[in-house]
Amino acid sequence: MSQTIDLTLDGLSCGHCVKRVKESLEQRPDVELADVTVTEAHVTGTASADALIETIKQAGYGATLSHPKAKPLTESSIPSEALAAVPHELPVATADEESQQLLLSGMSCASCVTRVQHALQSVPGVTQARVNLAERTALVMGSASAADLVQAVEKAGYGAEAIEDDIKRRERQQETAIATMKRFRWQAIVALAVGIPVMVWGMIGDNMMVTDDNRSLWLAIGLITLAVMVFAGGHFYRNAWKSLLNGTATMDTLVALGTGVAWLYSMSVNLWPQWFPMEARHLYYEASAMIIGLINLGHMLEARARQRSSKALEKLLDLTPPTARVVTEDGEKSVPLADVQPGMLLRLTTGDRVPVDGEITQGEAWLDEAMLTGEPIPQQKGEGDSVHAGTVVQDGSVLFRASAVGSHTTLSRIIRMVRQAQSSKPEIGQLADKISAVFVPVVVAIALFSAAIWYFFGPAPQIVYTLVIATTVLIIACPCALGLATPMSIISGVGRAAEFGVLVRDADALQRASTLDTLVFDKTGTLTEGKPQVVAIKTFNGVEEAQALRLAAALEQGSSHPLAHAILEKAGDDKLPQVNGFRTLRGLGVSGEAEGHQLLLGNQALLNEQHVATDDMTAEITAQASQGSTPVLLAIDGKAAALLAVRDPLRSDSIAALERLHNAGYRLVMLTGDNPTTANAIAKEAGIDEVIAGVLPDGKADAIKRLQSQGRQVAMVGDGINDAPALAQADVGIAMGGGSDVAIETAAITLMRHSLMGVADALAISRATLRNMKQNLLGAFIYNSIGIPVAAGILWPFTGTLLNPVVAGAAMALSSITVVSNANRLLRFKPKA
């Protein structure tokens with residue numbers, strides 16, 4: 001029997017989160033209908049509450065059983081789709097959904113990531129935990145305290161430190177990175193300083209075989225190697241021991257087993273040679289030292305490359321000046337940035353970096369906003385214009401009043417979005433995570449199985465071949481490359497996108513954006529400037545142009561429609577008559593009474609509905625619409641009086657940007673409420689493939705659904721509040737930077753500059769990032785799938801050769817360095833114009 005279960009949700013921040021939860025629930029055969037918003041879900045079907053909660057958790061979110069509450073009438077009248085698109089509080093996280101940032105230590109591979117993530121998610125109050133191997137950080141959403149999170153990580157065998165803000169995080173991360181690189185460097189030098197001479201000496205003269213004559217010398221070398229293993233490789237053994245105590249296995253486990261077994265075998269031969277046949281008295285001290293040295297060297301180079309990958313975010317952090325010039329009654333004074341409060345008056349002069357967001361109250365200046373928006377051309381700002389923290393005054397001097405400070409500035413929001421995106425995982429990375437979770441135990445099993453085959457079926461001396469095979473398999477396997485493949489590409493790709501003024505909400509957005517084939521553009525404010533202008537006025541039935549404009553403007557005083565602003569601007573400062581009985585007729589226009597006349601102002605459908613003859617206007621309506629203008633018709637006392645042609649010009653770069661997207665293979669669609677004739681004229685001018693005209697605001701999401709039902713992968717590009725449901729419905733929502741907060745918070749990708757070139761840049765970076773990610777994953781898979789069988793001796797029957805454990809150690813280190821270096825290529829990526 002069907003029932004409706006009410007759930008309270010955690011961790012949802014946008015329309016796409018809502019869509020993912022809804023799809024996850026409705027994929028269950030025991031669910032008939034799922035109504036989901038950002039805070040709750042109402043699920044109808046035969047599924048149990050526990051099963052539904054588990055499904056939501058598998059989708060990456062939190063859920064608890066709630067008691068149904070009656071909705072207020074005002075809320076229930078709003079479409080659920082629109083509610084789903086609007087988060088509780090746009091600029092900052094809600095109090096119940098705080099984020100904690102942790103700096104981690106002791107992680108070496110993807111198995112460590114899985115272990116830490118499970119530890120964090122098991123803490124009560126945690127709704128979502130993202131662990132980033134590349135940056136050694138964790139971003140935790142929920143109400144859990146920092147102390148509980150740190151304790152959970154330490155209990156799992158790793159180190160953690162709570163970071164309160166980005167400045168402190170950056171300082172500690174740099175300190176840790178520099179200290180780590182120095183430690184890996186001297187550990188590599190010490191290990192290689194011992195390993196290389198021993199290996200060269202053994203190859204030239206002694207052939208690594210123990211005899212009565214050199215036994216004491218080899219014993220001394222063995223003890224020196226042990227010291228190297230303790231001081232230069234101690235972290236491998238400590239981490240492996242912690243993992244063993246926690247019932248897990250990591251890359252450190254493989255290194256510890258491989259080098260430990262090689263040293264123990266060599267020392268056994270050294271101390272009790274009589275137990276081994278003459279041909280089995282081969283020593284592998286140099287292998288232990290060389291492997292530790294090479295892997296430490298690889299870690300050092302990897303850490304250096306990881307630092308480069310974070311430089312885009314560090315550039316954003318550098319944009320904020322340490323002080324600000326505050327203007328008071330006593331004059332100007334320089335104060336620390338932390339002391340600036342909203343409402344304070346501040347001064348900017350040439351060369352200054354803007355400290356906080358605000359509005360100019362006096363003066364004019366040219367501001368360089370390139371680092372914030374990707375727009376290279378300086379912008380002129382004057383009284384009433386907004387300024388944003390991080391931008392630079394190139395010329396001029398202004399006074400401005402602070403409106404947003406600290407974590408509430410646009411720059412802080414950008415940094416927060418970039419960091420969250422860099423910590424996220426795309427769907428393609430989930431395969432690597434699943435493999436990594438079982439990788440080390442499987443490798444150990446392969447090593448033991450291979451060793452057993454060589455022991456029972458291999459040539460003499462079996463014990464030597466068994467040792468070489470087991471050690472080489474353990475050493476060559478590299479879960480580190482698998483673990484780094486996805487996050488390194490994400491960090492580099494998201495950081496590079498930020499440099500072009502493209503903000504990505506999460507890694508999934510990048511992956512989805514790389515598979516798009518259809519781009520849907522809202523017309524007003526997206527393709528066009530969003531500043532309509534009256535370009536022509538035609539009058540009928542003896543009405544004068546001035547009278548028609550005055551009456552039309554009077555009616556539009558009560559309207560918030562963009563076309564109303566154009567008519568009011570055309571009327572200028574003329575004194576307008578009082579309007580009585582004003583009404584907005586949805587989708588048609590407005591009506592009212594002024595100077596004793598009954599007035600109608602709107603589209604042709606309005607006049608037809610009110611039985612106003614428009615035959616005299618038909619030719620002019622067609623002519624204006626064919627030129628891309630929107631005809632606004634005025635009727636006075638039931639007679640056609642005037643046609644006002646309103647045109648919203650295309651953005652200066654729209655045609656070039658659309659041509660670039662068209663050449664990239666996308667199908668371009670325009671979504672507009674205009675009549676088909678006007679819409680087609682604009683589409684022809686812009687180079688649009690398909691037009692969906694006459695769409696009311698609440699029908700945009702349905703239009704997107706229809707395109708998706710045709711099998712298309714759809715992106716919606718918009719900027720207004722009424723675009724929010726469509727942005728949430730699309731596979732990828734792209735919001736223009738000048739748009740509403742609702743649109744920006746709903747979108748998966750936000751463009752900080754008012755240019756469609758940003759759409760092309762965003763999609764190009766998305767494709768490049770996914771391509772880079774696939775290269776990294778494929779490289780890591782190929783390396784392990786070829787390296788492990790070769791290490792197990794698969795080539796022996798054909799070539800009679802085995803892989804040296806030292807070569808295996810070098811290959812392992814090289815695989816991680818290759819992944820990181822390939823990801824760093826994204827930092828130099830430039831979208832083709």
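Note that Cβ sites are derived from N, Cα and C of the backbone, with glycine treated the same way.
Copied over from Swiss-Prot:
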{"type": "DOMAIN", "residues": "3-64", "note": "domain 'HMA 1'"}
{"type": "BINDING", "residues": "Cys14, Cys17", "note": "Cu(+) 1 binding site"}
{"type": "DOMAIN", "residues": "98-161", "note": "domain 'HMA 2'"}
{"type": "BINDING", "residues": "Cys109, Cys112", "note": "Cu(+) 2 binding site"}
{"type": "TRANSMEM", "residues": "186-206", "note": "transmembrane segment"}
{"type": "TRANSMEM", "residues": "217-237", "note": "transmembrane segment"}
{"type": "TRANSMEM", "residues": "253-273", "note": "transmembrane segment"}
{"type": "TRANSMEM", "residues": "283-303", "note": "transmembrane segment"}
{"type": "TRANSMEM", "residues": "437-457", "note": "transmembrane segment"}
{"type": "TRANSMEM", "residues": "463-483", "note": "transmembrane segment"}
{"type": "ACT_SITE", "residues": "Asp522", "note": "active site, 4-aspartylphosphate intermediate"}
{"type": "BINDING", "residues": "Asp719, Asp723", "note": "Mg(2+) binding site"}
{"type": "TRANSMEM", "residues": "778-798", "note": "transmembrane segment"}
{"type": "TRANSMEM", "residues": "800-820", "note": "transmembrane segment"}
Residue distribution over DSSP helix, strand and coil in the domain 'HMA 1' (3-64)
22 helix, 23 strand, 17 coil
Would the transmembrane segment (778-798) count as touching the transmembrane segment (283-303), i.e. at least 3 C-beta pairs under 8 angstroms with sequence separation of 6+?
no
Tell me the coarse DSSP state (helix, strand, coil) of Asp719 (Mg(2+) binding site).
coil
Per the 3+ Cβ pairs under 8 Å rule, pairs at least 6 apart in sequence, do the transmembrane segment (437-457) and the transmembrane segment (778-798) touch?
yes
Run through Cys112, Asp719, Asp723 for me and report the binding-site residues whose CA is within 10 Å of the CA of Asp522 (active site, 4-aspartylphosphate intermediate), in sequence order.
Asp719, Asp723
How many Å separate the Cα atoms of Cys17 (Cu(+) 1 binding site) and Cys112 (Cu(+) 2 binding site)?
27
Cβ density check for Cys112 (Cu(+) 2 binding site), other Cβ within 10 Å (all protein chains) comes to 28
For the domain 'HMA 2' (98-161), residues assigned helix / strand / coil by DSSP:
22 helix, 23 strand, 19 coil
Rounded to a whole number of Å, the separation of the Cα atoms of Asp723 (Mg(2+) binding site) and Cys112 (Cu(+) 2 binding site) comes to 42
Rounded to a whole number, how many Å is the Cα of Asp719 (Mg(2+) binding site) away from the Cα of Cys112 (Cu(+) 2 binding site)?
41
The most crowded of the recorded positions Asp522, Asp719, Asp723, judged by neighbouring Cβ atoms within 10 Å of its own Cβ, is Asp723
